[in-house]
Amino acid sequence: MAQRIFTLILLLCSTSAFAGLFDAPGRSQFVPADRAFVFDFQQNQHDLTLSWQVKEGYYLYRKQISITPTKADIAAVQLPAGVWHEDEFYGKSEIYRKRLNVPVTVNQAAAGATLTVTYQGCADAGFCYPPETKTVPLSEVAAAIDATPTPAVTQTGETSKPAAQLPFSALWALLIGIGIAFTPCVLPMYPLISGIVLGGRQRLSTGRALLLAFIYVQGMALTYTALGLVVAAAGLQFQAALQHPYVLIGLAIVFTLLALSMFGLFTLQLPSSLQTRLTLMSNRQQGGSPGGVFVMGAIAGLICSPCTTAPLSAILLYIAQSGNMWLGGGTLYLYALGMGLPLMLVTVFGNRLLPKSGPWMAHVKTAFGFVILALPVFLLERIIGEAWGLRLWSLLGVAFFGWAFITSLQARRAWMRIVQIILLAAALISVRPLQDWAFGSPSAQAPAHLNFTAISTVDELNQALAQAKGKPVMLDFYADWCVACKEFEKYTFSDPRVQQALGDTVLLQANVTANNAQDVALLKHLQVLGLPTILFFDAQGQEQPQARVTGFMDAATFSAHLHDRQP
């Protein structure tokens, strides 16, 4: 008897274990959106809290969260800082993991008032959900006398990394500040400024001279930090507008004009009357005293020379896009500190540490013009796409390395020949994308892609299945916001093995980027949780559930899957 019971248990375990061998490789291991991102809300009079419990291995996109009131007035919602996630197609995006709490201040809500909350997320395994929309009913709330927005709480979980939002870290601001110090408008002024800071006294202890120079630099840094905070705060209010294509194009034009001013095409500075007033205010301060030196530094931060106006404006405009006040203030502080380091050295050690003035200072100014030109390319790349973005980077690289090579020809030193060879090689490498675009290249030819027939509704799908004429059908769901869909397109569908395996298959594709009513109806009808999802139908128009693919597959795996699904 005991042996029979043992045998029965063994058979049951074996059945459970071997059942997994017959599972389809494409069967979804992903949970529905409501389980991946558990949404909840709680209202206490004017205070409303929206919360998401994010399942392990999933994340929400910060920029995809929108909150729209109906019959209600709410304070400006400030989403907490997230963590940074990077992929090949969309670059860096701010995301939330584990748990997200968003406080909302309800200034006034009439009877029947609601909030429409839209959000979207993905799985780390390469599976994205369509945007989810929830309607939050609001309790009736009378208008408060003094309704102020509640500051957003921080996300629990991973540590945010706001500095990663910029293509250059805040440390670059320090290096840019040091570089600006060696432009022709700034470097010759350091000995004069040093004398003013010391109050005309030549015999001061090293410690006293260093202290006065440091105080002057801190005064200058205070002005720049305040500018950074103000601009970042203003950018925070208009952050969504700053991502609009027209605004990005406008910013790109402004950055280009700033770069042209660094090339000497025109001069950009404060009006002379305002500069004169600031200079007179600075001259009234007493040099050699900590208080007077600090005020002189603060005023000096407002007097922008032609060499510093363009880089400062570029940094301020870029900070406005981040909307991060800590990053804005810190970046401008490091920028001012970089400009002040040479001044501190001159004040303590004298002019002997400064390099001699010469044409090289104009070259430094021009080089910063090329640095500023990188910002328009970075902004336009979001609009024009990866291919054209690469061509713009190529054009900028050719221009910079070509200019540097021509400039280096004036040098007489032998070791500069090595530098010239490196610059020439860099220019030749940079020109390759432009060469492939203009003349074509066998190695650079875009791979052939599958020729899909577009469908958008259930009726169109049924009609396409009826017209398949006894052939198997593959239906691919695609959306612009689906990273893995783009990976399928670039790496899998372009593979010759995949194209050969699909030679006798009718190819359909549903683009659900808009996520409108007919898209939602199609997804619901076919029980599609998210993207990428690929469905297969047999010659009779019946879906083969075991062949369904959810999540990304590389070319080899997908090709094997296509062969395995064949009857």
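Just so you know, glycine gets a Cβ as well, placed from its N, Cα and C.
Model, not experiment: these values are computed from the prediction.
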Candidate in Cys307, Cys485 joined to Cys482 through a disulfide, as Swiss-Prot lists it: Cys485
Of the candidates Cys122, Cys185, the one sharing a disulfide with Cys128 in Swiss-Prot: Cys122
Fewest other C-beta atoms within 10 angstroms, as judged across Cys122, Cys128, which are the disulfide-bonded residues: Cys128
Secondary structure composition of the domain 'Thioredoxin' (435-567) [DSSP: H/G/I, E/B, coil]: 56 helix, 23 strand, 54 coil
Cβ neighbours within the same chain of Cys482 (disulfide bond) - under 8 Å, at least six residues apart: Cys128, Leu531, Pro532
Rounded inter-Cα distance in Å - Cys485 (disulfide bond), Cys122 (disulfide bond): 12
Other CB atoms, at most 10 A from the CB of Cys485 (disulfide bond): 26
Most Cβ pairs under 8 Å with the transmembrane segment (211-231), selected from 326-346, 360-380, 387-407: 326-346
